[in-house]
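What follows is a short report on a single structure.
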Amino acid sequence: MSSIPFDQKTISLLGMKMDTSDFYTFADRWLFSTNHKYIGTLYLLFSIGAGLAGLALSVIMRMELASCGDLILNSNYQLYNTIVTAHALIMIFFFVMPALIGGFGNWFVPLLMGAPDMAFPRLNNISLWLLPSSLILLLLSSYVEIGAGTGWTVYPPLSSITGHSGPSVDLAIFSLHLAGVSSMLGAINFICTIKNMRLKGLTGERLSLFVWAVLVTVILLLLSLPVLAGAITMLLTDRNFNTSFFDATGGGDPILYQHLFWFFGHPEVYILILPGFGIVSIIIQAYANKAIFGYLGMVYAMLSIGILGFMVWAHHMYTVGLDVDTRAYFTAATMIIAVPTGIKIFSWLATLFGSYLKLRTPLLFILGFLILFTLGGLSGVVLANSGLDIAFHDTYYVVAHFHYVLSMGAVFAAFAAFYHWFSIIKSFTTYEPHEWEFVYNPFELRKKIPYRRTDFSYLETAGILHFITTFIGVNLTFFPMHLLGLAGMPRRIPDYPDAYLHFNLISSYGSFVTLVSTIMFFMFGVVFNYNLFINGFPSMFYIIKPLIKITFFRIKQIIQGNNECLNSISKELTILILHVKRLSKLSVNNWSIA
């Protein structure tokens, strides 16, 4: 790419012409920013894009599983496994972690401590820009040769040179390395910020629970990621340099990889959910209008979860031949984790008890979180039993369990935080310096900004509709999976006997409902405010019509085996995009972040 001549007056960027001075201002403000608010906003935008890609992959899987036999993948089972791998890695490393830690963490950890910025602003910037590079490598791994169809665990010997001979797994490993470096740099930054940049007098007992949650999370990252890096580096040398760390024919052991991976993998689960715990605490505190019940107990519960998270990794490995004493220990240790988690759940309920609650969108998502996360935890207690897990291992019961914890735990917390902090994030450059003390003063529960405009609020009705449709969609998708797992349906298999048809069909319809609710979230809840909703109603009608047609009628045709309708879908998508572009012109004045 050639550099821009200094005498050139205009430049074309993404099809738009702008003055070079405007371009340099844009680049300096966004691409090279050291401001934690700009970087946090970019993290959120990146996670939204990655989340949509992950959602699209999951819908493709559910379309394939909507009926017995082959529907859309033409018996290409390797492609199905590649989609499974990409979906998992994208959702974990490029959606949940950038949104909860990079996005909301960067935005609000300094504000909740009274800090001017993060401790290392340039480190903050590079930890952001490593993520798009990592995502590109992961997407390339899916396109190179047969793709990386190993599952997100990348177990050898399937991931070895005999199982995947092409460079696809190598690219996926490099992608994980880059994402790990990004997370490590961010973790160092957060630890230094929280330790050294608090307001004078803001001791640990007065720190926000969200800051505590982020602190425990980044300590877990700092301790667990080097183990993953070592495991995948050994796998890389096994594949390319003739070592035999995980090759039994050369004296290695594939079970060693499983121990190393899950020593990272189980703390990773808590890394994903702990920032969500902090968000739940903040929103419940705001809507109950009182301090969280048992503050110190909540802090110690998070610390206990972090410590115990490193002591239970082998409950993912009950089927590999562990001796009975080892299985007894890991069963007991896993069940003990339910104690601090239960303390947090009951403390939140005790805070809500007796409060006058206005059921706004953020609180609805938090209540959904409490119900569904608890259900997911109960199925986790079942899986903790080493005897029962022999039957449930690698079935859809496990898929249902961790999606109840993540899809309805971490993601519900992210939606709640987005709605709760929406006006601040969208209008942060419009606040005067003296107004920030009203936005977040760590010593006050909440204050209203006097005479503040409400131009940047979301549509409450649209938010509630988004919650209801999402709640119905995710439960329709994942609850039948418990029953499929109990009946013995294995995961990561694109075909199944017709005895499993009805529950799979319900699950697929649930994923389509979730897809529609996500589209509604972008159309009505985020991008457009009330005035635009009224002025742009005719254009919205033209958007909704092809959307309904694609969602219900075309998908039904695909399920029935009519693949000729794919051309019609592409035409309808083209029409849809044209109308979205037309409508976006109406929203230009309402959708400027800076």
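Using N, Cα and C of the backbone, Cβ positions are placed for all residues, glycine too.
Note that the structure is predicted; figures quoted are calculated from it, not measured.
Feature list (source: Swiss-Prot):
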- GLU64, GLY69, PRO494: Ca(2+) binding site (BINDING)
- HIS87, HIS403: Fe(II)-heme a binding site (BINDING)
- HIS266, HIS315, HIS316: Cu cation binding site (BINDING)
- TYR270: O2 binding site (BINDING)
- HIS393, ASP394: Mg(2+) binding site (BINDING)
- HIS401: heme a3 binding site (BINDING)
- 41-61: transmembrane segment (TRANSMEM)
- 89-109: transmembrane segment (TRANSMEM)
- 126-146: transmembrane segment (TRANSMEM)
- 171-191: transmembrane segment (TRANSMEM)
- 209-229: transmembrane segment (TRANSMEM)
- 260-280: transmembrane segment (TRANSMEM)
- 292-312: transmembrane segment (TRANSMEM)
- 333-353: transmembrane segment (TRANSMEM)
- 363-383: transmembrane segment (TRANSMEM)
- 405-425: transmembrane segment (TRANSMEM)
- 467-487: transmembrane segment (TRANSMEM)
- 508-528: transmembrane segment (TRANSMEM)
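The transmembrane segment (467-487) makes no contact with the transmembrane segment (260-280): fewer than 3 of their CB pairs lie within 8 A, with pairs spaced 6 or more apart in sequence.
Counting residues 6+ beyond its ends, the transmembrane segment (41-61) has Cβ neighbours under 8 Å at 30, 33, 72, 80, 83-84, 86-87, 90-91, 94-96, 98-99, 102-104, 106-107, 128, 131-132, 135, 418, 425, 428, 494, 511-512, 514-515, 518, 593 in the same chain. Cβ neighbour count for GLY69 (Ca(2+) binding site) (all protein chains, 10 Å cutoff from its Cβ): 11.
Looking only at the binding-site residues HIS401, HIS403, the densest Cβ neighbourhood within 10 Å occurs at HIS401. Counting same-chain residues at least six beyond the ends of the transmembrane segment (171-191), those with a Cβ under 8 angstroms from any Cβ of the stretch are 85, 89, 93-94, 97, 101-102, 105, 109, 118-120, 123-124, 126-128, 130-131, 133-135, 137-138, 140-141, 144, 148, 150, 154, 214-215, 218-219, 221-222, 225-226, 228-229, 232-233, 235-236.
Ranked by CA distance from PRO494 (Ca(2+) binding site), the binding-site residues HIS266, TYR270, HIS316, ASP394, HIS403 have ASP394 at the top as the closest. GLY69 (Ca(2+) binding site) sits 24 Å from HIS393 (Mg(2+) binding site), counting Cα to Cα. Across the structure, GLU64 (Ca(2+) binding site) and HIS87 (Fe(II)-heme a binding site) place their CA atoms 14 angstrom apart. Within the chain carrying the transmembrane segment (89-109), a Cβ under 8 angstroms from the stretch's Cβ atoms is held by residues 36-37, 39-41, 43-44, 46-48, 50-51, 53-54, 57, 115, 118, 124, 127-128, 131, 134-135, 138, 152, 172, 175-176, 179, 183, 186, 190, 193-194, 210-211, 214, 217-218, 268, 271-272, 275-276, 279, 406, 410-411, 413-414, 417, 421, 424-425, 440, all 6 or more beyond its ends. Other than the site residues GLU64, GLY69, PRO494, same-chain residues with C-beta atoms no more than 8 angstroms from the centre of those residues' C-beta atoms, the Ca(2+) site, are LEU65, SER67, CYS68, ASP70, LEU71, ILE72, LEU73, TYR80, ASP495. A simple Cβ count within 10 Å picks out one of the binding-site residues GLU64, ASP394 as the most packed, and that one is GLU64.
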